[in-house]
């Protein structure tokens, strides 16, 4: 790949980043605690923690603390699928039902009749794995979609946070390929991977991704050794105050949900980011071929736009969008910003987020990536997201200097 090797003023960035983290955990609108890191191709160049693991608790936040990483799980599932493509086992453009038969039974919901019953029809096609990876498969989330929310409230459709097989079995919202809509697509990619490997997704990750990356502290199971370092998920109340939620994802889960189910540390995620910065190579071996990385990170969405995420369930998400007014696309694992972002992130960089206000970016042009981790609901928390944007901006300011 063509790269520009920029020089980071590490001292200036460390000073600015430490200040931003300290500000984030101070004042009435504070976050309880935050961990943030930046890596270059070789090592973590900034690692910071501020605040507390749980509001009112005595444990300070540390860089070794464990987070529910929510949708930052998705890119790891995409990586497992890309390995199958390399091996000639997965055809991205074949119906996903070839590998995960249950997806072929799902119908399209067109709304509700006068009696409140779902109006269903057969889809024009079964989603392909490529469509699932690019969020054009037809799925949504109940916290971002009114129809799914109504199915949950009136018909008892289980939430994905139950980690149950029943939670996967939602109708499609539209015919595959029609538009981009963020949803449970990557959970189905996980089912494709399991169908081809004959193993649970967590086992596939451990053997084929975590081992060559040297990742030990990441799992779909909330291990006992994680509990002593587990960061509490908090709710941001309407008045801006915070309440510990006591929320945990089911462990062990009935299904390893490839869209959101991992627990892990930010330091371990740095190893995953470094793999993308190094054309597929981890510290213990190759995860993806360089040509696979290049193929995967192109725009696979065509002219379809990535749109704002509407906060349908206010306790889970605000209206949220990266870089409003700017064009965004989707690669196979990530969102692509098509224009230079206000933070300084260059056009063509990759990134995404997790529901509890976790955010990351991967800038292969300059050879850096970063991750900002908090545990707050709803998504799009004004303090966490704003401070993340300041953190990323401070990085690019120090890179230019």
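Note that Cβ sites are derived from N, Cα and C of the backbone, with glycine treated the same way.
According to Swiss-Prot, the feature active site, nucleophile maps to 71. Feature annotation from Swiss-Prot assigns active site, proton acceptor to 74, 182; the stated evidence is similarity to another entry.
Cα of residue 74 (active site, proton acceptor) to Cα of residue 182 (active site, proton acceptor): a span of 12 Å. The two recorded residues residue 182 (active site, proton acceptor) and residue 71 (active site, nucleophile) have their Cα atoms spaced 11 Å from each other. According to DSSP, residue 74 (active site, proton acceptor) is assigned to a helical segment. In sequence order, 186, 259, 260, 352, 353, 354, 355, 358 make up the list of same-chain residues 6 or more apart from the residue listed as 'active site, nucleophile' whose Cβ falls under 8 Å from its Cβ.
Ranking the active-site residues 74, 182 by C-beta neighbours within 10 Å puts 74 at the top.
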